[in-house]
Amino acid sequence: MDAISSLGTNCVLSGVSPFSQENQSKSKLSPFMSLDLKEHPMASADFTNQTLTAFSSSSASPFQAKTSSIGMSRGMRWWEKSTNHNMLEIQSANHLVDSLLNAGDRLVVLDFYSPGCGGCKSLHPKICQLAETNPNVMFLKVNQEELRTMCHGLNVHVLPFFKFYRGAEGKVCSFSCTIATINKFKKALDKHGSERCSLGDAKGLDEKELAALASVGELKMNSLTMHQASNIGYKTEEQYQTMVL
């Protein structure tokens, strides 16, 4: 098994890292911490609505959790938290290719992360906030643990890592970013996310990226990828699969 080692707030990839696990132990209540339930009856707790009701005293008011468009369900793992409208979890190389080609003229941000990467965990809430304040930008999340071969084919060797794509321009920039260098991400978002009219269809992945994914067997031809391959001179799947970098 390979491992992801943490250097500062970046995670350098040499393959897979096991998920970190925390030991859990039951805590004991001290006698002075106990409650006299006869004197202070407890009202029922509505965990479905995330509302905690304290003692049944008329002066006590329940605490209501704040709501937003960012998914923060109880028990949800940190990398599963996302906006409801413009953040999508990529499931395969074909899913990635199709999502980029179907984005039209929208700016698309590929967010490469790993559940075991501390830098990714620290940065993720900021990315969710930026996604919420930039609804016209599409954020595609790529889990390196589940799509390791694809990430290697896309030359992603450090996390967190981002690639920006825009319409007919294709890839416009790529870089590693941490919570300490979040301004780099914000500047790229402002620069490439401004309103513009792109002439031509969305380009998506470039030729080298497509070739790399095909060479490791990650990419299977469908109508969209076949159309993209024909634009660079490959008319059959056999020709595309044998494309040399």
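Cβ atoms here come from the backbone N, Cα and C positions, even for glycine.
Matching Swiss-Prot disulfide entries to the candidates C117, C128 identifies the partner of C120 as C117.
Note on the domain 'Thioredoxin' (93-194): DSSP counts are 48 helix, 28 strand, 26 coil.
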